[in-house]
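Down below is the structure, laid out as structure tokens.
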Amino acid sequence: MLGFLKNPVVVTAEINMNLVALTVMGLISRLWGLSYPRAVVFDEVYYGQFVSLYMKRIFFVDDSGPPLGHMLLALGGYLGGFDGNFIWNRIGAEYSMNVPVWSLRLLPALAGALCVPLAYQILVELQFSHCAALGAALLILLENSLITQSRFMLLESVLIFFILLAVLSYLKFYNSQKHSSFSGSWWFWLLLTGVACSCAVGVKYMGLFTYMLLLAIAGLHFWHMIGDQSFSNVSLVCHFLARGLALIIIPVAVYLSFFYVHLTLLYRSGPHDQIMTSAFQASLEGGLARITQGQPLEVAYGSQITLRNVLGKPVQCWLHSHTNTYPIRYENGRGSSHQQQVTCYPFKDVNNWWIVKDPGMQQLVVSNPPRPVRHGHIVQLVHGITTRYLNTHDVAAPLSPHSQEVSCYIDYNISMPAQNLWRVEIVNRESDTDVWKTILSEVRFVHVNTSAVLKASDLFVFHFQLSGASLPEWGYRQLEVVGEKLSKGYHQSMVWNVEEHRYGKSQEQKEREVELHSPTQMDISKNLSFMAKFTELQWKILTLKNEDTEHKYSSSALDWITMDTNIAYWLHPTSGAQIHLLGNVVTWASANVAALVYTCLSLWYLIRRRRKIYDIPEDAWQLWVSAGGICVGGWAVNYLPFFLMEKTLFLYHYLPALTFQILLIPIVLQHLGNHLCRSLLLKSMFSALIVAWFSSVYLIYCTFSPLTYGEPSLSVTELKDLRWKDSWNILIRKQ
């Protein structure tokens, strides 16, 4: 029974020492002296703010991309015990002792280090020699710009890691299909491709470029499968469904999970709340939630409400009125109604309160039981403090003469009767009998007499871009509200939602004023679902635009190819030690030459093949094309879109494209050695040239390593010697 114990248990394993050595060298090059400098380096000042907010569980919105990258940086802070207490306000500021610098920089450095063995494996899976694969890995290892970018709390190295992982996973999946479809390893690599693509997109939207490339390649491969008669119809359907599941459905689910974790972690109110809807704000702990907790859900006749404009940018504001009237004549000579001013006020104030009144009744309190207001009902809006009715008429607005003035009606006993009836239209209703709800309902107010829509003025929309967008001194610089005539389209500036709400109980004005100053408490929850919060947050990320300003180190996409630009990341406060984002000149030039050679050779081969002349074997041609699809395609999709982008660009945006271009160098070299160097003498000379060229790559790496690692400190003469181009901004202190 125990006979199996007579023989020893033997485990055998194959270890690729190339991979082990490359991984160790990658770790050394990225992790060595990682805590130096112990100061804020370039965009650490930007990402560090979000890490602190994660540590404190405070909600934020970053328009630069999805949350995975920020969460990974925050994970480093969490592992290091960071409490989030540091003011990220200046590049070069010394870190306090509570900031775990090594831990915060660890994950980007690990990602950058693992890119080295990934590059090796990608070329092996592309069926190139181990020598070519080793060359690609060493080029990634010795690329100064990739080292610099991976040694700080930045996201490009993490993005490149997931991009390379996705490419490698797809190649392994594709190669395993030749031997065993639907096996365990086949499923593993296919699923990992989708997950890695989702992670790349989750770090930065630039990852979408490589994701689209891999989808296109997968589609092309499947198209070839359709023409293969060895696959049955059922088998093809199974392959199609498997790819759809792994490359589309699962990546979407994983992408959603990033936001789920993000929103679960950030449950507290914070400085970015104001750009979100009232419903979203009320779902966060603190802030608006403290005010709106327990409010009545259904708006009824007699409800006391505040109305917030849904647009919420550039600032949030509430429908507001006060006792002051419009001037009889404006500065340009136009006349006004001289009625009570109605504005959009960007602060909470007792004058923001309005009472929803039934036009057929005089009472301003909620009946028992309450009579809810529904879509299509006609209401009057009574200003809570002044008890005047919201009104509009055919008088030009003060700043927008093409629109109607909105006011609170004062009876001057002249031939201008009140026009104060408004139809409630619930924009996001599910049916035409929907009840108007606090926070959740987005509402338009359509004037019954003129069909004008209550709207925050177009000038308000561009408040920060135009001078004179707010009302003059007589309007206390508050924001204009108008009646938009003949409005056929939908714009958020026309939509309002109830933010604060109570059921009015006091009919007397003095008692009502006291009531308007008092909080209300009733137990009705208004929590948003995850999908509602995700949809809103995703839309804000995609549409929120910070004003792009010219930066000292910004550059154009054309500058990147020839590396005519650099970025000074850090300068020692007293010595000449400094860190720059600057690439290995030989590698960058070689990558450009490799891309040019590949393009020219491919065109030559295509023309010759059209003439039925085959210069290289068919398997070599297929290998050449597939390698170009990955490397040249990866370079193109990660570079060319920047020519269409209207945003501030920096040299580090080029690094994903550069990585693919570097992988192309050994591919072109192996092809030239195998197919163009026919004689033994030519092969020997070509090998000697490669050794000399690679020695120059290493020499340049060593030469610029003081600017990559920030040490040792260089003298003024040494710094001037490293300024190989006039366009490089090497920082030299005045003596």
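Note: Cβ is positioned from N, Cα and C throughout, glycine not excepted.
TrEMBL: automatically predicted annotations, no manual curation.
As recorded in TrEMBL:
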DOMAIN    296-359  domain 'MIR'
DOMAIN    370-427  domain 'MIR'
TRANSMEM  15-33  transmembrane segment
TRANSMEM  67-88  transmembrane segment
TRANSMEM  100-120  transmembrane segment
TRANSMEM  126-142  transmembrane segment
TRANSMEM  154-174  transmembrane segment
TRANSMEM  186-219  transmembrane segment
TRANSMEM  240-261  transmembrane segment
TRANSMEM  585-607  transmembrane segment
TRANSMEM  619-637  transmembrane segment
TRANSMEM  649-669  transmembrane segment
TRANSMEM  681-701  transmembrane segment
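Here the transmembrane segment (649-669) has Cβ contacts under 8 Å with residues 115, 119, 122-123, 126, 128, 132-133, 135-136, 139-140, 143, 145-146, 149, 154, 156, 159-160, 163-164, 206, 209-210, 551, 553-557, 559-560, 563, 565-567, 581, 583, 587-588, 590-592, 594-595, 597-598, 627-628, 630-636, 638-639, 642, 690 of the same chain, all six or more residues outside its ends. For the transmembrane segment (186-219), same-chain residues at least 6 beyond its ends with a Cβ under 8 Å from one of its own Cβ atoms are 64-69, 72, 155-156, 158-159, 162-163, 165-167, 169-170, 172-173, 176-177, 180, 242-243, 246-248, 250-252, 254-255, 258, 629-630, 633-634, 637-638, 641, 653, 656. Secondary structure counts, DSSP: the domain 'MIR' (296-359) has 3 helix, 30 strand, 31 coil. Residue counts for the domain 'MIR' (370-427) under DSSP, split into helix (H, G, I), strand (E, B) and coil, are 0 helix, 26 strand, 32 coil. Packing against the transmembrane segment (154-174) from elsewhere in the chain are residues 42-44, 47, 69, 72-73, 107-109, 111-112, 114-115, 118-119, 121-122, 125-126, 146, 185-186, 189-190, 192-193, 196-197, 199-200, 203-204, 206-207, 210-211, 214, 217-218, 221, 630, 634, 652, 655-656, 659: each is 6 or more residues past its ends and has a CB under 8 Å from a CB in it.
For the domain 'MIR' (296-359), the mean pLDDT of the prediction comes to 88.
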